[in-house]
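Engineer: Per Swiss-Prot, the feature region 'Beta-lactamase-like' maps to 21-231; the stated evidence is similarity to another entry. Here Swiss-Prot flags 64, 66, 156 as Zn(2+) 2 binding site. The Zn(2+) 1 binding site feature in Swiss-Prot is assigned to 68, 69, 180, 231.
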């Protein structure tokens with residue numbers, strides 16, 4: 001068993017990026033479990049480009065139901081069913097999202113049964129693992145031995161449940177992964193209790209993501225050295241030297257943590 005976690009940025013782009021794949025990370029825990037965080041419509045292509053076939057995944061965790069975070073799930077479901085002989089991987093879903101993920105997003109393309117079979121459900125394609133959530137703070141779920149995730153509610157868009165993720169490996173708070181959130185001082189305080197922080201950013205203030213200026217103004221220079229920026233626009237290179245001690249997470253790069 002390895003004693004390190006590896007995180008590969010499959011995609012680092014914003015929802016409207018044409019230069020980068022949808023923001024997504026492939027995390028390999030020290031026990032060997034490979035967890036994909038979010039699976040937007042361009043993520044299966046991004047995995048292929050990096051040499052990770054879909055059958056190399058053990059599970060997928062969904063943080064919210066925007067298309068750039070779930071749009072590739074239909075492809076994964078159908079590929080596992082028809083190409084991989086019905087293989088089912090874990091689908092880790094916050095308990096507040098399980099129903100809407102199927103009824104409002106995936107059912108339209110996956111509801112059609114085989115001849116003579118009943119109409120399928122989400123559990124016919126994935127091993128659905130409902131994750132605990134809390135409206136007011138952190139919720140902890142043990143996934144396997146020496147492996148756990150924590151969910152933190154975020155404010156992203158009105159009336160949509162969304163979550164940041166804390167990754168715990170061998171009892172160590174390794175990575176805080178913001179997914180999508182507006183600037184939130186309290187959330188950043190939680191984030192900085194982890195060894196490493198991967199935080200979404202945009203290059204203007206206002207809107208539905210934390211801005212680079214807001215992050216720079218709040219996070220100390222010492223802590224900035226532990227922060228990687230992700231979910232950015234195609235003009236990222238214009239800001240490459242304007243991020244203080246923070247670094248931009250690079251698409252295709254594997255980080256040993």
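Backbone N, Cα and C define each Cβ position, glycine as well.
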Engineer: Give, as a single whole number between 0 and 100, the mean pLDDT over the region 'Beta-lactamase-like' (21-231).
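Structural biologist: When the pLDDT values over the region 'Beta-lactamase-like' (21-231) are averaged, the result is 96.
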Engineer: Out of 66, 69, give me whichever of these binding-site residues has the highest number of other Cβ atoms within 10 Å.
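Structural biologist: Of the binding-site residues 66, 69, the most buried by Cβ count within 10 Å is 69.
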Engineer: Cβ within 8 angstroms of the Cβ centroid of 64, 66, 156: which residues besides those meet this for the Zn(2+) 2 site?
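Structural biologist: After dropping the recorded site residues, what remains is 63, 65, 69, 157, 160, 162, 179, 180.
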Engineer: What is the set of residues, excluding 68, 69, 180, 231, whose C-beta falls within 8 angstroms of the centroid of the C-beta atoms at the Zn(2+) 1 site?
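Structural biologist: What remains near the Cβ centre is 14, 15, 22, 23, 38, 40, 63, 64, 66, 179, 200.
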Engineer: Measure from the Cα of residue 180 (Zn(2+) 1 binding site) to the Cα of every one of the binding-site residues 64, 66, 156, then give the nearest.
Structural biologist: 156
Engineer: Relative to the Cβ of residue 68 (Zn(2+) 1 binding site), which residues of the same chain, six or more apart in sequence, are found under 8 Å away?
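Structural biologist: Same-chain residues close to residue 68 (Zn(2+) 1 binding site) (Cβ under 8 Å, separated by 6 or more) are 14, 15, 22, 23, 40, 41.
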Engineer: If I restrict to non-local contacts, at least six residues apart, and a C-beta distance under 8 angstroms, what lies near residue 64 (Zn(2+) 2 binding site) in its own chain?
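Structural biologist: Residues satisfying the criterion: 97, 156, 160, 161, 162, 163, 179, 180.
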Engineer: Between the binding-site residues 156, 231, where is the Cβ count within 10 Å the lowest?
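Structural biologist: Across 156, 231, these binding-site residues, the one with fewest Cβ atoms within 10 Å is 156.
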Engineer: Would you mind pulling the DSSP three-state label for residue 69 (Zn(2+) 1 binding site)?
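Structural biologist: The three-state answer is helix.
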Engineer: Could you give the Cα-Cα distance between residue 66 (Zn(2+) 2 binding site) and residue 231 (Zn(2+) 1 binding site), in whole Å?
Structural biologist: 13
